[in-house]
């Protein structure tokens, strides 16, 4: 043992000899002789510290030393001022607190002394946390720590707080304040009355979370004001208007009256208590409790008024008046009414039901329904049955109006009495499992249920709402019925099943199912535009939900397009195809119709007035269902004029009328002519006649679009359309324009000879305008009034130079040709007389020459001619043109041409 002590002593001596610092204080800095110094800390720990270097000198920075909470003074000269950088929160209860203490010891490693207001704190060292621990007594307010006269910590105890209003128990006369850090809490009481003790002492609990104050004044009602201070400083002021308060009457008040106990608060008087019962004064007994008081109530007979809801008040010490409560004698009183599910049964709860003799339900505008008492509960007829003194079973009539009802109960005593009305609500109920069928146009539905009289307690109508959801079907209710049903008008719709929800004041009360009738197809009709009209029933009005299926004989199907629909008919467009016999099935929503047909489509013509060109040309016949017509088996005539078929499709027939030659002119007259389409195929349907009058086409009347100028030979060219030469007549200023010649290739131009040419010469040619009209087949057709401007031609012009003018050469050539033609014509006349066949052959070659000339002329016109306001083409001024035109004006030649044509 001695060896151990000697070893420890040597160890301490070695530490003192070899762990001694070589640092000194120079000019406010700690200068050391070595770069690496060894320090012994307070907890016996030896640390090697590297010094800061400045040249060849070494310095120690104690403030940045990481273990300064364990660093002692280095020697007698180098002393550090202790520091407490932080301190835990200090509740007013005090206790043990651990804290960090920097530079805690002197160079001999003794703990430096710290004190609070000259009271030295005892310190201990917690080696596990390297912290010092001290104990603090309960207190409040500022908390300061100093060392050697230097303050090293300034803080405070935690501040007291009272989160809730203090509790005043006037039955015990105690005020309780609850909160935290309530050390040194005091109160001051203020009142209108004189107080014995305005500043009572409080009792603080160990946790400083509750303090109680007892005062005799708290036992009686008063209007208190209490100021609370914590740690000598005002905290808050509280008001306690503690006036008497009645809650209820205990027990049962029978007809004889008597002493009744009333419970409440602040009911202890100092002197006396008075009360009122209705309009009568009652006596009350003094009590030592603030929570109850006893008062004497008169009998119902002495009271002399209705025994329900009688107001009661008390007044304490003639100054403090309580609130008012209402009490009743022990008479029947309804407290609640509840319906059993959706039935006609209602449970009534309340008090004093044993003597009930009659019940009345009041609805609407004071409509009364008496309910008879039954000896036993029954569901067969309306009535009520008393189950106990607190419950009544009621079976209401099913035609009782829903809404807020008033229930009246008779007392059953010796005196006539009616209990107060109790308002309760009855909701209509729909009988479950109801289903209805309707046409697509809608129907009136009778919905069964109970309590279906839809009025409220004021007699006003409360409509039932019936629909299948947002955006769905609606059934608009009519006036309510006898309570067992109501009627609503179902709107148009379709579909096999719809759930209709019924709402009363937006509350769902049931539902029923509606199914619309499936569609039915009957007869069919064809329309002019090619659509098909189907007649039937329950076809609906929704085109977007409609599907028409066309079923062919081989079972193949294709959908038509429904374009219009009503409840009794629909119109659909037949699908494109080449089969005209089929059956039809119509689907509306999820329901399909019967299979109607088969029906055979007849060809139908849509354009009944296609304006057939009078001069011949292409005629387009628009229609539908030309399935079986072919070019080889079909013939078309318009009047007596044949129209040669060029093409046939399902919807169009194109045919060509030959040019209007004179030999056919009686058939090419203007006006309306019957159209006949026939087929040699016996399986081809005849054209469908929309009207008994049949189909009639009109030949287009002639029109005039422009004219040329009158040339020197009085010849004018007229441009237009449908220039047929059947009984053709042209008038210029009501004078005939003779010898008309029609362009037989286009029938859009003709030339004629102006008969009043000589008369026109007297006018100023540059300004004169003339009217032109044209008629075909003896009828005048004035498409428009056209005017043309006469332009004079220069017949001769003198040439100042020597020699003959060009016109003289032209005249000479014309004269020679004229003599030749006269000779040729005379020869032909003689040959015709003797040899007719031979002359006809010669004239036929001349006619071919004439046709070639006209064809060339027509080609030239077509190059320049357009409809509208474009000017007519200028005449060909070539020598050949003038010779040809002059020859065409010779009467003998024209007469020959005419005879040959005829």
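Just so it is clear, glycine is given a Cβ too, placed from its N, Cα and C backbone atoms.
Matching 762-782, 783-803, 804-824, 825-845 against Swiss-Prot, the residues noted as transmembrane segment span 804-824.
Sequence-distant contacts of residue 437 (N-linked glycosylation site), defined as residues of its own chain at least six apart whose C-beta falls under 8 angstroms from its C-beta, comprise 443, 514, 515, 516, 517. Neighbour counts were taken at the CB atom with a 10 A radius for the glycosylation sites 279, 389; the maximum falls on 389. Listed in sequence order, the residues of the same chain lying 6 or more apart from residue 272 (N-linked glycosylation site) and placing their CB within less than 8 Å of its CB are 286, 316, 317, 318.
A C-beta separation below 8 Å, combined with a sequence spacing of at least six in one chain, links residue 398 (N-linked glycosylation site) to 344, 450, 451, 483, 484. Note: the Cα of residue 559 (N-linked glycosylation site) and the Cα of residue 644 (N-linked glycosylation site) are spaced 36 Å from each other. Of 43, 184, 223, 389, 753, all annotated as glycosylation sites, the residue with the shortest Cα distance to residue 279 (N-linked glycosylation site) is 223. When the alpha carbons of residue 43 (N-linked glycosylation site) and residue 753 (N-linked glycosylation site) are compared, the span between them is 149 angstrom.
Other Cβ atoms within 10 Å of the Cβ of residue 644 (N-linked glycosylation site), summed over all protein chains shown, number 13. Secondary structure of the domain 'IPT/TIG 1' (249-323) per DSSP, as helix, strand and coil residue counts: 4 helix, 35 strand, 36 coil. Highest local Cβ density among the glycosylation sites 43, 184, 223 belongs to 184, counted as other Cβ atoms within 10 Å over all protein chains shown. For the pair formed by residue 184 (N-linked glycosylation site) and residue 223 (N-linked glycosylation site), distance between Cα atoms is given as 26 Å, rounded to the nearest Å.
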